[in-house]
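**Q** One structure, pasted below without further comment.
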Amino acid sequence: MSEENIKLLRDGLKNYKIDCDDIMLDRFETYREILVDFNQHMNLTGITDQREVYIKHFLDSVAIFKHGYLTGDLSVIDVGTGAGFPGLPFKIANPDIELTLLDSLNKRINFLKEVGRGIGFDDIDYVHGRAEEIGQNKDYRQKFDIATARAVANLPVLLELCVPFVKIGGFFICLKGPNAVKELEEAQNAIKILGVKLVELIEVDLPDEELKHTVLIFKKEKNTPIKYPRKAGKPSKNPL
Ligand code: SAM
């Protein structure tokens, strides 16, 4: 384990106002080791170098902590979590989070269970399914303080997949690349129909990264109409 990379991770976490200790740093490193191990026989990520994983997966996921939306006891669902981003880094940075990880690929869910065990979390809810179906399940619909997603779909589609999970007054925290403003323009209809309001657009600084990442914070103000999310595949075929 490189001291330089550990320092990079520790300084990055501090910069995002995360109180980090050795347990937290160990959890991140164990997560990386399991990721790299499973990645040899599963398609989880193109990024395996320690420094790159720390920056592009871990620090990118938790940069939003600086803005105060993720402190305290919160229920959070990560929609299309893949190899666990951003949900698992959220939980490592704040173990009080009650975390649900949702993905439509069961192999990825099994990988996530290994990581959860490996880093000592026994209270994560792992859900194999499509957001379109789980979003209509009464145990999950409008039950979360926060829904989040990174790299799952364009914003109009993503809003339909994620907003149904959020309680009124809760937030959808959407991690986007440099095209966030353009996607926002295209999402105006979805924003209106789904009863959310953009409350912040935050540009995130990452060590070594030239591209700006953007985090969009939506607040849910109204109940989601019952017809949303529509049946699997519909949101992407015919976006709002
Ligand atoms: N969020 C992770 C990240 O940032 O590294 C993974 C991104 S990966 C490109 C997209 C993930 O979303 C895949 O694991 C895929 O199985 C999942 N996914 C796509 N559509 C979905 C849906 N409708 N319901 C649940 N999961 C979905």
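Using N, Cα and C of the backbone, Cβ positions are placed for all residues, glycine too.
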**Q** The S-adenosyl-L-methionine site in TrEMBL lists G80, F85, A131, E132. Which one of R117, R141, R150 belongs there according to the record?
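**A** According to TrEMBL, the candidate sharing the S-adenosyl-L-methionine site with G80, F85, A131, E132 is R150.
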**Q** Hey, does DSSP put R150 (S-adenosyl-L-methionine binding site) in a helix, a strand, or just coil?
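**A** DSSP assigns R150 (S-adenosyl-L-methionine binding site) to strand.
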**Q** Find, among the binding-site residues listed as F85, A131, E132, R150, the one whose Cβ has the highest number of other Cβ atoms within 10 Å in the structure shown.
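**A** Counting Cβ neighbours within 10 Å, the top one is A131.
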**Q** Within 10 Å of the Cβ of G80 (S-adenosyl-L-methionine binding site), how many other Cβ atoms can you find? Include all protein chains, please.
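**A** By my count, 23.
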**Q** Using only the Cα atoms of G80, F85, A131, E132, R150, which the record gives as binding S-adenosyl-L-methionine, return the largest interatomic distance in Å, rounded to a whole number.
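**A** Binding-site diameter by Cα atoms for S-adenosyl-L-methionine: 20 Å.
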**Q** Reduce the DSSP letter at G80 (S-adenosyl-L-methionine binding site) to three states and note it down.
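**A** For G80 (S-adenosyl-L-methionine binding site) - judged by DSSP and reduced to three states - the answer is coil.
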